[in-house]
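**Student:** Next up is a structure, given as structure tokens.
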Amino acid sequence: MNNYISKVTTPKISIAPMVDRTDRHFRYFLRGITKKSLLYTEMITSQAILNGDLNKLLDFNKIEKPLSLQIAGSTPDEIYEAVKLADSWDYDEVNLNVGCPSNRVSGNSMGACLMAYPELVKEMLFAMKEATNKPVTVKHRIGIDGTGILPDNISPKIINRYDNMVKFVDTISAAKIDRFTIHARIAILKGLSPRENREIPPIRYEDVYKFKKDFPHLNIDINGSIKTPDDIENHLKYVDGVMIGRASYEDPFMLRSADKFFDSNLDSNISRADIINWVLPYVEDLENKGENPNLILKHTLALFFNEKGTKQWKQLISPPFKDTKASERVKLALKSLPEETLYFK
């Protein structure tokens with residue numbers, strides 16, 4: 001294992017890159033809840049950056065920082081060019097996706113299937129390091145089952161033992177990257193949807209704990225079915241950082257305690273009313289620009305998750321917005337939702 005020790009501090013909490021979730025509007029919403037957590041873009045392919053509308057793909061509000069750009073790709077040359085183009089947007093770091101199990105991604109030789117090609121991943125990470133001075137990180141699984149997907153000349157097809165992960169990281173660590181975010185499940189590349197790949201393969205936190213214990217000089221994030229502040233606190237006993245995925249979308253108010261993990265003096269005193277007041281000017285700005293206020297409001301639907309007032313909140317902020325502007329509905333929510341839920345801290 002490479003003995004390189006990164007000088008980059010691992011954030012105690014980060015919010016996972018999620019397709020159709022972690023867009024710029026959701027990230028703005030989250031900044032009303034946690035100021036310290038590292039946020040991620042949605043996964044963006046190197047091809048999209050090389051051929052797409054860069055402003056549309058890469059623009060963000062400085063309020064969203066610290067922010068990591070996650071890229072998926074299949075060749076060092078493309079990855080280099082994409083990271084080079086994105087560098088002027090001043091993301092705080094760049095992350096390589098080696099964990100996405102979807103057929104669309106794996107079918108284009110990106111994502112989790114790359115765990116079968118550690119030398120290629122190493123070269124891609126070297127290319128990223130050459131293209132930017134920002135920290136370079138990688139997100140991967142503990143292993144993969146590539147049966148029916150990987151070509152015949154690749155053996156083994158099932159790479160799911162602890163020693164397989166050690167061998168993979170041993171190879172790619174030569175690129176002297178700054179952090180390894182490990183989803184504590186294998187990815188089954190054929191027969192399961194991305195959602196099923198988050199639920200069906202057994203969670204193996206102990207593998208990630210052991211990896212950090214065996215290689216303490218590496219910065220290790222853990223990811224996978226982490227849902228509560230108690231979960232976060234427990235994982236931080238064994239690893240450097242915790243990445244929260246779907247729970248940040250399904251119960252965003254849970255993140256109000258996130259900043260205390262960075263500094264105990266920052267224990268949150270945020271209410272749902274505070275968060276709504278954070279979102280309101282953004283909604284008004286979208287309306288003034290003639291844009292759809294649902295771009296951000298759709299991300300707030302779970303703000304009252306499992307609490308009194310959740311049905312009323314969803315009804316008030318959901319389109320169509322015909323007779324009453326969305327911003328007026330948000331103001332109405334501040335007046336009409338149950339105070340014990342609205343102002344709970």
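Cβ atoms here come from the backbone N, Cα and C positions, even for glycine.
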**Student:** Name the residue, out of H183, H217, that TrEMBL lists for the same FMN site as P17, M18, V19, Q70, K139, G245, R246, please.
**Tutor:** H183
**Student:** Return one of helix, strand or coil for G245 (FMN binding site), based on DSSP.
**Tutor:** coil
**Student:** Compute the C-alpha separation of P17 (FMN binding site) from N97 (site 'Interacts with tRNA'), stating it in Å without decimals.
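**Tutor:** With distance taken Cα to Cα, N97 (site 'Interacts with tRNA') is 9 Å from P17 (FMN binding site).
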**Student:** Just to verify: the residue among P17, G245 with the fewest other Cβ atoms within 10 Å, which of the binding-site residues is it?
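**Tutor:** Comparing Cβ neighbours within 10 Å for the binding-site residues P17, G245, G245 has the fewest.
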**Student:** Taking K139, H183, R198, R246 as the recorded positions to compare, which has the smallest set of other Cβ atoms within 10 Å?
**Tutor:** R246
**Student:** Just the number: how many Å between the Cα atoms of G245 (FMN binding site) and C100 (active site, proton donor)?
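**Tutor:** Here the two Cα atoms lie 13 Å apart.
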**Student:** Over the domain 'DUS-like FMN-binding' (15-331), work out the mean pLDDT and round it to an integer.
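**Tutor:** Computed over the domain 'DUS-like FMN-binding' (15-331), the mean pLDDT is 96 on the 0 to 100 scale.
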